[in-house]
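> From Swiss-Prot, for reference:
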ACT_SITE  SER166  active site, nucleophile
ACT_SITE  ASP190  active site, charge relay system
ACT_SITE  HIS260  active site, charge relay system
DISULFID  CYS245-CYS258  disulfide bond
DISULFID  CYS282-CYS293  disulfide bond
DISULFID  CYS296-CYS304  disulfide bond
CARBOHYD  ASN365  N-linked glycosylation site
SIGNAL    1-25  signal peptide
Amino acid sequence: MPPGPWESCFWVGGLLLWLSVGSSGDAPPTPQPNCADFQSANLFEGTDLKVQFLLFVPSNPSCGQLVEGSSDLQNSGFNATLGTKLIIHGFRVLGTKPSWIDKFIRTLLLATNANVIAVDWIYGSTGVYFSAVKNVIKLSLEISLFLNKLLVLGVSESSIHIIGVSLGAHVGGMVGQLFGGQLGQITGLDPAGPEYTRASVEERLDAGDALFVEAIHTDTDNLGIRIPVGHVDYFVNGGQDQPGCPTFFYAGYSYLICDHMRAVHLYISALENSCPLMAFPCASYKAFLAGRCLDCFNPFLLSCPRIGLVEQGGVKIEPLPKEVKVYLLTTSSAPYCMHHSLVEFHLKELRNKDTNIEVTFLSSNVTSSSKITIPKQQRYGKGIIAHATPQCQINQVKFKFQSSNRVWKKDRTTIIGKFCTALLPVNDREKMVCLPEPVNLQASVTVSRDLNLACV
């Protein structure tokens, strides 16, 4: 395929990275004696594939052991009775070791007693994106040969969990396909979009590639794939424009990569923290924000999926549905966790125009806001508000009836209504808690009410 706009984009990304971090920053940590590290390539000699498999074990999480053949594995700390996590990085513009990989490995080993194997294909993933794409099939074959060596040692297919980042997610999918979809799990962290959005299921990550396939989407409008590719597909904050990421090109390389890499940091955070990153199935992000998807009954029979090392993502039904889009909101920084609440406002009298009400939750100087729109000639409206603190710690709610009149004309319109809320998932109306007194609102005037909710 001839070079296109995506190739130019990645060359620009490489230049920006060199300008921003290439000539400064801390030196990489010095490997311990007898410990192996990732290879280093550059823009001009990193296109030919050369693969290393680095084993990390719970007893020495910072020391990578180079394991190529069966004898290396037998003489290493590899334990065939434990689960095996295989991490596959994606395209590397400058041929450098991924900045997130060391923390990812340490966090995995702290979170679970397993063998962690990092697949180093720095040589083969560097330079031009399309060259890296061409290496995917060959890399997948090399990884499958390596996994066959693990099976000979007594490892079961179902105990293997591949975690692929960006382009590495599709590598994982192809490896899973070579094993007939019998590997235990594949997690795709913002699977790459360029060259894969319109690819066949045989060429990209797909729900048939493992017993359970999940994908976390954070950059669907740029470097990530925009279509569902697993049994469960998390579209975080709608799958794009992550909070805390730069919104202007002037931010340089961070502008290009922040949304894309948020999936990695979310997953690491889910391993480190107990606060669940829970998501809810819905037809669209807009419908989710409008409060139309309040539980996980359809299709998960009330078991809401969660990001992290949870069996089948917490989904407890068989057979697993495929390509289910689920949505959640997050904060701008770790631990990213947000609680989701339904908010409703019931008008006492119908109106001949749309009614817009801003609702704000307050607790310990932390605020979270959402807007409720009540269509004309309808009695009530609803929406979703996300808050970092548990709902029972929210002690006040503020309302602002937003005027639709001209700025220079004072609007004295008043409305009266009832406010109710409930923490998601909402499986029945009995969970709703309403303010004991009606709320009187005048246009553009903020009104506060105490909110007393019990902890459960």
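Think of each number as a place in line: the chain as shown, counted from 1.
Every residue gets a Cβ built from N, Cα and C, even glycine.
Can you tell me where each of these features sits in the structure?
In the three-state DSSP assignment, the secondary structure recorded for SER166 (active site, nucleophile) is coil. Listed in sequence order, the residues of the same chain lying 6 or more apart from SER166 (active site, nucleophile) and placing their CB within less than 8 Å of its CB are HIS89, GLY90, PHE91, LEU189, ASP190, PRO191, ALA192, LEU223, GLY224, HIS260.
In three-state terms derived from DSSP, ASP190 (active site, charge relay system) belongs to neither a helical nor a strand segment and is classed as coil.
Under DSSP, HIS260 (active site, charge relay system) is assigned to a helix (H, G or I) in the three-state scheme.
Of all the Cβ atoms in the protein chains shown, 19 others lie within 10 Å of the Cβ of CYS258 (disulfide bond).
DSSP gives CYS282 (disulfide bond) a coil state; it is part of no helix or strand.
Under the three-state DSSP scheme, CYS304 (disulfide bond) falls in the coil class. Counted within 10 Å of its Cβ, the other Cβ atoms near CYS304 (disulfide bond) come to 20, all protein chains included.
Other Cβ atoms within 10 Å of the Cβ of ASN365 (N-linked glycosylation site), summed over all protein chains shown, number 5.
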> Kindly assign CYS245 (disulfide bond) to one of the three DSSP-derived states: helix, strand or coil.
coil
> Quick one: which of these recorded positions, CYS245, CYS258, ASN365, have their CA within 10 A of CYS296 (disulfide bond)?
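So far as Cα distances go, none of the recorded positions lies within 10 Å of CYS296 (disulfide bond).
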> By a simple count of other Cβ atoms within 10 Å, which of CYS245, CYS296, the disulfide-bonded residues in the record, is least packed?
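Comparing Cβ neighbours within 10 Å for the disulfide-bonded residues CYS245, CYS296, CYS245 has the fewest.
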> Can you tell me how many other Cβ atoms are located within 10 Å of the Cβ belonging to HIS260 (active site, charge relay system)?
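Total other Cβ atoms inside 10 Å, all chains included: 23.
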> Of the recorded positions listed here (CYS245, CYS258, CYS293, ASN365), which is spatially closest to CYS304 (disulfide bond) when Cα positions are compared?
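Result for CYS304 (disulfide bond): the nearest of the recorded positions is CYS293.
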